[in-house]
Amino acid sequence: MEVFVVPVLADEGFEGPTKEVFQTPHWFDVGIGSVNLYLNKATALTIFAALFVGVIFWLGFRRAKIIPRGIQNLCESAYDFVDLQIARGVIGEKGARYTPYLLVLFSFVLVSNVLAIIPAAQFPATSRIAVPMVLAVVTWVMFIYAGIKSNGAGAYFKEMIDPAPTAPLAIRLLLGPIEILSTLIVRPFTLAIRLFANMFAGHLLLLVFSLGADYLLPKPPFVFGVASLLVAIVLTAFELVIDALQAYIITILTAAYIGGAMAHGEHEVAPSEELAEHAPVGVPAAAHA
C-alpha cells in the first residue's frame, strides 16, 4: 500500500502517514565493491541510542563513589532493578552473570523506543524490523550459550531433540520437532515481531492523530481538531508507558529463555521432595501427604 489513509477524511484531501515515515531517505550512500553502505534517520538514531547508553553508563561508573549521586545513582538504580527483579528474579542466583547483558538490552530498547516522542527525532529505531531482529539473534545466541555452558553441548541438544525420553515413541516423535522449532526459530522470531509490531503500530497511531489535529484545527467546527489534538497528547503519554513496558517485556522474556536453557536436563522434583521443601520447620513431609 503506497499511502496509509484515514478513509473518513480521504475525500476531503487528508492523507495519513506515508511509507516514507518508516522508509526514511538515505542521507548518503557509499559503494564498496558489491556492498552498499548508507546512513539514514533510522540508522543514525540506532547508533545514537547505542552511544547514549554507553556514555551514560561510562559517566555513571567511571568514578564511582560510596554514596552515589546524579548519574551514578541513576545507573546503579537501573542495575539493581535489572539484577534483582529480572536476572535473579527470573533465572535465580546464577542469573547474576547475565545482568550486564540484560541491563544493556533493557536500556538500549528503552532509549530506542522513547525516541518516538522526542522532538526532532520522533522516530522509534525499533519500528524498523532490522533492529528487533538483530536483538533477537543476539538473545538467541545468548540463551543457547547459557544452555550449553550449564549442561554441556551434548546434554543440551539431546534434550532439545528428545525432551520427553520416557514418553511413548509417538509422543517423542511429535515433541522433538516442536521443541526444536520453538527453541531455534519461534522464540527469536516472536521476540522480534512483538517489539517491532508494538512500536510500529504505536508510532503510526500517534502520527495519524497528530496529522489529523494539524489538518482539522484550522477548519470549523474546531471541536474535531481540538479532540484530535487531545487524543494525540494522551496517546503520547500512553506511548511513553508502552515504551518502558516493551523494554521490560523483551528483557524479562530474554531472562526467561536464558533460565529455561540453563534448566535443561533438570528433572522434576519428586512429590515427597516438594512437600518436604514447603513443609513447616520440624514437621515431616509425610504428615502433609
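Heads up, the Cβ atoms here are built off N, Cα and C, so glycines get one too.
Annotated transmembrane segment per Swiss-Prot: 41-61 (among others), in sequence order.
The transmembrane segment annotation in Swiss-Prot covers 101-121 (among others) and rests on sequence analysis. Outside the transmembrane segment (101-121) by six or more residues, the chain places 45-46, 48-50, 52-53, 56-57, 78-79, 82-83, 86-87, 127, 131, 135, 139, 142, 195, 199, 202-203, 206, 236, 239-240, 242-244, 246-248, 250-251, 254-255 with a CB less than 8 A from a CB of the stretch.
Same-chain neighbours of the transmembrane segment (129-149): 46, 98, 101, 105, 108-109, 112, 156, 184, 187-189, 191-193, 195-196, 250, 254, 257-258, 260-262, 264, counting only residues six or more beyond its ends whose CB sits under 8 Å from a CB of the stretch. Summarising the annotation, Swiss-Prot assigns transmembrane segment to 129-149 (among others).
Positions annotated as transmembrane segment by Swiss-Prot, on the basis of sequence analysis: 166-186 (among others).
The transmembrane segment annotation in Swiss-Prot covers 189-209 (among others), and the record cites sequence analysis as its basis. For the transmembrane segment (189-209), the list of distant contacts is 4, 6, 16-17, 21-22, 109, 113, 116-117, 123-124, 126-129, 131-133, 135-136, 139, 228-229, 231-232, 235-236, 239, 242-243, 246, 249-250, 253-254: same-chain residues at least six beyond its ends, Cβ to Cβ under 8 Å.
Marked as transmembrane segment by Swiss-Prot on the basis of sequence analysis: 222-242 (among others).
Residues or ranges marked as transmembrane segment by Swiss-Prot: 244-264 (among others). Within the same chain, residues 82, 86-87, 89-92, 94-95, 98, 102, 105-107, 109-110, 113, 126, 135, 139, 142-144, 146-147, 149-151, 155-156, 159-160, 187, 191, 194-195, 198-199 sit at least 6 positions outside the transmembrane segment (244-264) and bring their C-beta atoms closer than 8 Å to a C-beta of that stretch.
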Problem - Same-chain residues near the transmembrane segment (166-186), Cβ under 8 Å, at least 6 residues beyond its ends - result: 140, 160
Completion exercise
Beyond a gap of at least 6 residues from its ends, the CB atoms lying under 8 Å from the transmembrane segment (41-61) belong to 22, 24, 27, 71-72, 74-76, 104, 107-108, 111-112, 115, 121, 123, 125, 128, 131
